[in-house]
Amino acid sequence: MASEILLNIKEEVTCPICLELLTEPLSLDCGHSFCQACITANHKESTLHQGERSCPLCRVSYQSENLRPNRHLANIAERLREVMLSPEEGQKVDRCARHGEKLLLFCQQHGNVICWLCERSQEHRGHSTFLVEEVAQKYQEKLQVALEMMRQKQQDAEKLEADVREEQASWKIQIENDKTNILAEFKQLRDILDCEESNELQNLEKEEENLLKTLAQSENDMVLQTQSMRVLIADLEHRLQGSVMELLQDVEGVIKRIKNVTLQKPKTFLNEKRRVFRAPDLKGMLQVFKELKEVQCYWAHVTLVPSHPSCTVISEDERQVRYQEQIHQPSVKVKYFCGVLGSPGFTSGKHYWEVDVSDKSAWILGVCVSLKCTANVPGIENYQPKNGYWVIGLQNANNYSAFQDAVPGTENYQPKNGNRRNKGLRNADNYSAFRDTFQPINDSWVTGLRNVDNYNAFQDAVKYSDFQDGSCSTPSAPLMVPLFMTICPKRVGVFLDCKACTVSFFNVTSNGCLIYKFSKCHFSYPVFPYFSPMICKLPMTLCSPSS
């Protein structure tokens with residue numbers, strides 16, 4: 001209300017020409033008042049153009065001598081100036097930057113607060129203007145809605161910012177993991193190549209050692225042969241240069257010895273018969289390595305289960321087993337093969353575990369069917385798939401074998417009339433019999449292809465008597481298939497596929513090469529891991545994925 005009163009008063013004491021508070025106001029006959037400077041300037045301008053003097057507002061003529069000072073308006077204008085220049089009033093009311101007046105109006109078209117002089121200017125003429133108090137509530141509500149909307153957008157923006165940071169961190173971790181995996185994969189590839197290089201160099205060193213040793217022996221033989229001939233030549237020269245008696249002394253014996261002299265040629269090595277170095281099949285090696293990586297995805301946590309009676313000792317963490325001699329009866333020979341089962345048993349799915357057999361001279365490992373098998377095996381003849389055992393083993397430090405079923409009908413087979421190959425084929429009612437026919441002991445030295453991609457070299461089957469000291473030619477002894485490996489396994493991987501009915505063994509030491517695979521296994525009961533340290537005091541240890 002006070003603002004409106006001040007506004008009305010200010011309008012009354014404002015010069016219509018300069019639109020400022022009256023300065024030395026002069027009143028005309030018509031009653032309008034103007035600043036002395038403003039009306040004087042207007043008087044000169046109107047006289048110049050029109051030849052007469054008239055009020056700038058109502059155009060009523062006036063005489064210059066009739067202009068009279070208006071002290072009352074001058075006092076009011078002066079008081080208003082004092083109010084406008086008051087610090088308290090200046091703090092309460094914002095003022096127009098152009099006119100210095102209070103900003104009491106709101107222009108809807110421009111959306112700005114203006115003073116009353118701005119409202120009368122050409123810029124805002126015809127615009128809808130309202131008192132600030134009238135529109136403040138309306139725009140306060142609008143701004144409140146806008147504030148809530150912006151706060152929600154700010155929350156959304158902060159969430160998006162957090163999502164971006166989270167995604168950035170996730171990608172960084174993922175890329176770091178990829179870098180780690182790439183470094184690990186290429187390190188493993190380099191390790192494979194380094195291993196192959198080391199093997200090739202070792203083979204060359206062995207070849208060099210054997211070759212030079214043989215040639216050195218040949219050189220010694222040639223030196224002795226040359227010395228012997230020099231002695232004979234010297235004897236002949238002495239006889240020919242000496243007396244008749246010396247010439248004829250034991251002449252027949254000398255001639256006989258000379259005739260018996262045979263020139264021994266040194267043992268040589270033809271270069272074309274040397275083993276030719278071939279670059280490793282990197283593609284094949286990578287395939288083998290890939291297969292090992294695939295089966296290692298099914299790593300199972302296996303622990304060892306003690307058996308009774310037993311000549312084995314299991315560690316506290318149930319991950320290591322070793323042979324222990326029966327101290328209370330040292331003179332009694334063990335009548336069974338000591339072994340332990342692993343836990344858990346498997347009835348479905350794929351499962352993989354690895355066993356450290358470093359430096360052991362004998363061991364047996366694989367899987368067995370629980371209801372058919374026992375941990376302590378009465379005899380070697382029990383290690384057969386038909387008895388529930390699918391195992392491989394090492395004996396005598398370097399003889400690796402896979403234990404297959406004995407072939408029926410072939411134990412006492414004796415070929416006649418040099419026709420053993422054909423007769424063997426007629427009697428081969430399964431692949432085992434067919435395989436056993438093609439052996440060097442049966443005059444067959446062959447390789448073959450089976451089931452499109454299974455290549456085999458046919459070797460003599462190992463007898464049971466070759467496995468253990470003593471003589472045992474029982475017809476039920478297992479067929480022991482020799483396993484030939486360029487690198488002796490220090491770590492063996494076992495992969496059980498219950499659905500495919502297969503048990504596979506991998507040489508982890510040799511970059512995952514397949515050692516042997518049992519196919520078409522019949523698992524009618526839960527299948528358990530099997531371990532036998534044999535009569536070797538060094539332990540067998542279950543490995544962890546990180547070891």
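For all residues, glycine too, the Cβ spot is worked out from N, Cα and C.
Checked against Swiss-Prot, the range among 15-59, 240-284, 285-329, 420-464 recorded as zinc finger is 15-59. Between the listed ranges 91-132, 133-174, 343-384, Swiss-Prot ties the annotation zinc finger to 91-132. Per Swiss-Prot, the stretch carrying the note region 'Required for interaction with GABARAP and for autophagy' among 60-73, 186-199, 200-213, 466-479 is 186-199. Within the model, the zinc finger (15-59) carries an average pLDDT of 81. Secondary structure of the zinc finger (15-59), assigned with DSSP and counted as helix (H, G, I), strand (E, B) and coil, comes to 15 helix, 8 strand, 22 coil.
The DSSP breakdown of the zinc finger (91-132), given as helix, strand and coil counts, is 11 helix, 11 strand, 20 coil.
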